[in-house]
Amino acid sequence: MTGHRGSDTVSRRPAGEPPNGAPAGRTVRDRGLRDRVLRSNATLTPAALLLKVIQVGPLLMLLVIAGVFAVASPHFLVPENITNLGSQSSIVMALALGQFLVILIRGIDISVAAVVAFSAIVAVKLVGAGGSGVLFVLAMIAAGGLVGLVNGVIIVKGRLPQPLIVTVATLGVATGLSQTLTGGVAVVGLPDLVGTLGAGRLGPVPVPVVIVLGLGAVLYVVISHTQFGRWLYALGGNPEGAERMGLPTGGLTIAVYVLCGLTAGVAGLITAGQTDSATPLAGSGNILDAITAVVIGGTSLFGGRGSLLNVLVGALILGTIRNGLDLLNVNPYMQLVAIGVIIVVALELDVARKHLEDRVSRSQAGEVEA
């Protein structure tokens with residue numbers, strides 16, 4: 001009976017009030033709940049409103065850019081051009097999906113620029129240009145995952161805090177191997193399945209777009225609805241805190257780099273299918289676009305914050321800019337200038353967003369204390 005009366009006493013305790021004799025620190029969880037309630041119900045401050053605008057900025061930017069090119073060129077909205085835009089953007093979209101994961105945990109992977117070519121060349125050597133299409137595809141994706149595994153193991157087991165240096169090194173190794181294995185000459189005449197996956201169509205929709213959207217859907221579920229995804233955000237937001245919580249930070253890091261390598265293998269598959277060749281330097285120019293797409297999509301370079309869907313939007317923004325400028329016959333070198341300006345603007349927005357989030361958090365914390 002005594003235990004029953006104690007339960008009644010606890011149940012009548014006002015929400016958020018600590019148990020008798022308990023330290024005030026035990027109300028942190030309740031305070032966090034109250035903070036979230038206030039955040040959802042409170043009138044938006046100018047800073048909070050601006051923050052929400054920045055968060056949907058990538059989609060707004062895509063709509064504005066598409067609108068400008070639609071007015072500037074009568075060919076932009078032609079169905080065939082839209083199809084080409086999707087097909088051309090699919091390679092960067094695949095690379096950006098993997099790059100998103102590593103940037104989310106405060107990493108970066110430059111080696112994917114070489115994995116695009118390396119994966120196809122490994123498949124040529126293991127399976128043969130005229131071999132089984134299924135085995136060829138599996139070999140390509142596995143080769144990408146292997147490079148990612150090497151990156152992850154070196155970073156974690158070697159305790160190297162600079163993934164940029166590690167992945168630049170593996171980029172050099174993969175590029176050198178690609179050149180050595182092919183003698184610097186492209187291998188043509190790949191299996192038909194590769195061409196279908198890289199350049200085929202399902203009705204009006206390019207097959208590579210279907211592949212990338214399917215890959216994005218799987219990763220979205222993993223990132224947004226699994227413990228693995230929550231751990232990645234925790235690791236990126238506070239690596240030291242994640243270790244204190246007992247999260248398998250080393251295993252998570254290795255897994256992320258493997259996933260990045262696998263997505264690079266998919267990008268290599270699409271590239272090989274579109275060119276019907278395994279070229280030693282294929283994809284070398286896509287790494288800048290992939291990283292830019294992630295940053296434009298709002299993923300923080302400080303880690304722990306980002307939207308996978310916005311990353312795909314970021315890749316479409318770049319594809320739209322390149323496509324539109326091509327239609328307007330703009331010098332390709334000026335396209336690089338445009339991309340560079342976009343990177344700077346995106347970085348400034350990232351810093352501004354972080355400052356706004358800190359300001360909004362402090363404001364809401366003050367409301368809770370009051």
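Every residue number used here counts from 1 along the chain in the order it is shown.
Using the three backbone atoms N, Cα and C, a Cβ is placed for every residue, glycine included.
Annotated in TrEMBL:
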type	residues	note
COMPBIAS	1-15	compositional bias 'Basic and acidic residues'
REGION	1-28	region 'Disordered'
TRANSMEM	49-73	transmembrane segment
TRANSMEM	85-105	transmembrane segment
TRANSMEM	110-128	transmembrane segment
TRANSMEM	134-156	transmembrane segment
TRANSMEM	168-190	transmembrane segment
TRANSMEM	202-223	transmembrane segment
TRANSMEM	254-272	transmembrane segment
TRANSMEM	331-352	transmembrane segment
Other parts of the chain folded back onto the transmembrane segment (254-272), taken as Cβ under 8 Å at six or more residues beyond its ends: 90-92, 94-95, 97-99, 101-102, 104-105, 107, 109, 111-112, 115-120, 137, 140-149, 151-153, 155-156, 190, 194, 197-198, 208, 211-212, 215, 219, 228, 232, 278, 282-283, 286
Recorded stretch that, among 49-73, 134-156, 168-190, 202-223, 331-352, has the most CB pairs under 8 Å to the transmembrane segment (85-105): 202-223
Recorded stretches the transmembrane segment (110-128) and the transmembrane segment (49-73) touching, at least 3 CB pairs under 8 Å: no
Among 49-73, 134-156, 331-352, stretch most in contact with the transmembrane segment (168-190) (C-beta, under 8 angstroms): 134-156
Dominant neighbour of the transmembrane segment (331-352) in 49-73, 134-156, 202-223, by Cβ pairs under 8 Å: 49-73
Sequence-remote partners of the transmembrane segment (202-223) [C-beta within less than 8 Å, at least six residues beyond its ends]: 79, 83, 86-87, 90-91, 93-94, 97, 101, 196, 229, 232, 259, 263, 266, 270, 273-274, 308-309, 312
Positions whose Cβ lies under 8 angstroms from the transmembrane segment (49-73), at least six residues beyond its ends: 296-298, 310, 313-314, 316-317, 320-321, 323-324, 327-328, 349, 352-353, 356-357, 360
